[in-house]
Amino acid sequence: MSKRFNATTRYRFTSWTVGRQGRDPATACRGGRSHRAVVPLAVVSVLVAGAALSGCGRQPDSDTYTVLNSSTDETYHRWDAEAMARCGKQLGVTIEQQSVPAAQVMTKSLRMASSKSLPDIVQFDASEMPTFAEAGGLIDLRTLGLGTGDIPQGIVNFGSYKGTYYGAARSVNTLALFYNKDILAKAGLKVPTTWDELRESARTLTHGKQYGLALSAGGAEDGVFQFTPFMWSNGGDERQLDGPRVVEALDFWKSLLKDHSLSKSTVSWTQADVNDQFMAGNAAMMINGPWQVETLNTKKSLHWGIARIPVPKAGDKSVGPLGGAVLTVPDTGDRAREKTAGRIVACLSSEKEQLTYALNSWMVPANEKAAAQWRKRVPELDALADQVAAARSRTAEVGAGWSSVSLALQSAFQSALTGESSTSALKRAQQRATSGN
Amino acid sequence: MTTSTVTVTAPSAARQTSGASDPRRLRLRRRLAQWGFVAPAVVFMLLFFGYPLVRNVVMSFQHYTPKTFFTGEAPFNGVDNWSKVFQDALFGKALWHTLVFTAGSLLGQFCIGLALAVFFSRRFPLNGVLRSLILLPWLVPMVVSGIVWRRILDQDTGVLNSFLDTIGLGGHTPWLTSPGMALLSVILVNIWIGIPFNMVILYGGLQEIPKELYEAASLDGASAWRSFRSVTLPMLRPVITVVLVLGFMSTVKILDLILALTDGGPADATQTLGTLTYQNSFVQLDFGAGAVVGNVLILVSAVFAVFYLRANRSEGK
């Protein structure tokens with residue numbers, strides 16, 4: 001990042017000095033009044049335009065490899081930098097990271113693809129990877145020598161598109177039920193495991209300023225991510241949004257809101273907002289992911305526990321969404337560099353690095369052996385490891401069409417939670433999701 | 001030079017006229033100079049306004065997808081993008097929201113801004129301090145305002161509802177969480193942001209009105225309201241036009257504030273053309289459809305620009 005910045009400033013500086021030098025000879029030799037101002041102006045504008053255009057190209061340094069990721073948080077950026085330094089040392093190369101906000105990774109990569117300046121490795125959110133793969137931008141990691149022997153099939157699928165393995169996950173996450181141990185103990189309640197129990201407990205725990213449950217039904221991917229465990233555990237299918245199983249799941253959300261067990265603000269909350277509410281004691285339970293653990297642990301007086309997300313009926317399987325990022329090697333046309341990039345991905349997603357990263361970030365290692373060790377080290381998140389083992393990828397069924405499904409679904413559950421019937425809201429969503437493609 | 005028919009005797013006179021004597025060369029030189037002055041502006045406009053504009057129009061007739069970035073190929077697909085966007089129920093909604101948002105924001109900003117400008121054009125203690133305090137919303141970045149207001153307007157824990165509760169006015173207003181209220185809330189926040197701009201420009205305009213006019217009006221026995229209507233408003237007209245046009249331009253394309261406040265929700269209640277373009281282009285990566293909505297937005301602005309130019313021309317006469 002700093003490298004790019006320097007290059008731009010240097011260009012700007014150059015064009016400015018040349019422009020100024022250009023002014024004196026012009027004034028000296030012509031003497032024509034009109035030319036005096038015109039020539040330098042024209043020179044400057046041409047130079048500025050030239051600098052702006054040539055600024056697009058990037059000359060790769062032979063031993064420096066670039067990773068584009070979304071580690072803009074200081075902690076993540078540091079953990080990544082440390083891992084890259086270790087792998088770089090092992091492979092004898094320098095690895096640099098360029099971090100942009102998560103929402104910009106895709107658009108930035110596309111722009112870089114059109115200007116033929118793709119980085120050597122891109123870390124995509126797994127739900128976005130199929131879009132880039134479908135456009136033909138990624139290299140099959142198996143051809144670069146990466147194995148999938150120790151990775152559970154679900155996580156291999158998570159990094160695959162149409163059967164080709166494009167993305168190596170270092171760690172994965174999913175959603176679970178977080179609960180405030182003290183509040184539940186005081187009310188003499190057990191951790192709910194079915195929808196009925198969840199509804200009952202949430203109702204009992206709602207009083208005064210405290211809501212029984214907090215979840216995010218915000219108008220972005222956050223809300224959709226949170227809806228999927230309810231939809232999938234009930235047997236719903238994202239290809240049939242108006243199916244009865246999806247309607248039931250949405251009706252269950254509506255019933256929680258009707259009971260006042262959920263705040264009406266649920267429709268405007270992100271998952272971070274939900275975590276804030278839980279930490280402030282405004283919610284006895286919440287649906288959230290392990291990336292909040294770091295923040296939760298900063299409040300020493302808060303005793304929280306974690307459990308699988310309740311299922312419709314006892315004995316049903318709790319299916320959550322798989323979340324997380326995958327490391328991919330974009331097709332840059334330079335086979336030798338791609339090979340090395342493959343080795344870097346292999347190193348960053350090796351058992352040892354996965355464990356380090358997972359312990360830092362509280363997420364579950366993708367590799368089975370690393371996950372087994374991780375369970376021993378972090379027993380309090382055991383429930384999460386179970387949930388991950390049964391979790392499902394959002395793009396497994398609809399691939400690159402996920403963004404249309406997601407937008408349609410957001411609008412549907414927001415309409416339903418603010419008054420419309422689940423059936424009609426989801427019927428419209430189904431139309432919208434299918435007309436989008 | 002060769003066709004010169006001037007009979008010159010004195011050498012000094014000859015030197016003086018040798019350059020200027022040729023009218024064609026002179027004209028050419030002047031023309032060249034004129035174009036030279038215009039050239040940077042033209043190059044700039046073509047490069048940074050003309051090209052993107054044309055590109056955007058062309059793109060709206062193309063099947064422009066992530067694949068295009070790799071292959072460079074974006075096949076033309078006629079009016080497919082246009083019909084797809086126009087058939088989408090969300091487009092009509094977004095267009096309506098944009099119009100309501102723009103009209104509501106401008107009306108609120110302008111009326112309150114004008115009232116404050118008139119108020120501050122009197123002399124009273126602390127006038128300067130108060131006037132500069134009112135500028136604060138203008139100095140805060142839009143996204144920061146959005147995030148702060150999102151907290152203030154939270155239904156359960158927001159300051160506004162707590163305050164309303166304390167003074168016994170309910171305090172359960174679903175500002176941002178009810179589809180019926182959200183658009184109004186967003187407009188109110190935007191009015192808050194826009195007041196300083198309107199006030200500053202209108203205040204400047206008020207200072208330009210000669211005091212004699214008011215004296216004359218009061219000698220004629222005009223009431224305060226009458227002199228406001230018959231002196232202030234007509235004299236302010238050019239400034240009012242500028243304020244409204246600039247306000248329109250910055251309001252109709254609203255995106256950042258809405259993304260920070262509601263993300264277009266709940267249930268698409270605050271989707272505008274700006275957020276729809278964003279969603280089409282950068283979430284669904286359907287750049288063709290995004291370009292269509294963008295073009296509609298440009299068209300709306302262009303219609304308004306024509307009105308503005310018309311108004312300006314009649315003023316000039």
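Backbone N, Cα and C define each Cβ position, glycine as well.
Here is what TrEMBL records for this protein:
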REGION    B:1-22  region 'Disordered'
COMPBIAS  B:1-14  compositional bias 'Low complexity'
TRANSMEM  B:32-54  transmembrane segment
TRANSMEM  B:94-120  transmembrane segment
DOMAIN    B:95-308  domain 'ABC transmembrane type-1'
TRANSMEM  B:132-152  transmembrane segment
TRANSMEM  B:181-203  transmembrane segment
TRANSMEM  B:239-262  transmembrane segment
TRANSMEM  B:282-309  transmembrane segment
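The transmembrane segment (B:239-262) is in contact with the transmembrane segment (B:132-152), judged by 3+ CB-CB distances under 8 Å for residue pairs 6 or more apart in sequence. Counting same-chain residues at least six beyond the ends of the transmembrane segment (B:32-54), those with a Cβ under 8 angstroms from any Cβ of the stretch are 298. Scored on C-beta pairs under 8 angstroms, the neighbour of the transmembrane segment (B:181-203) with the top count among B:94-120, B:132-152, B:282-309 is B:94-120.
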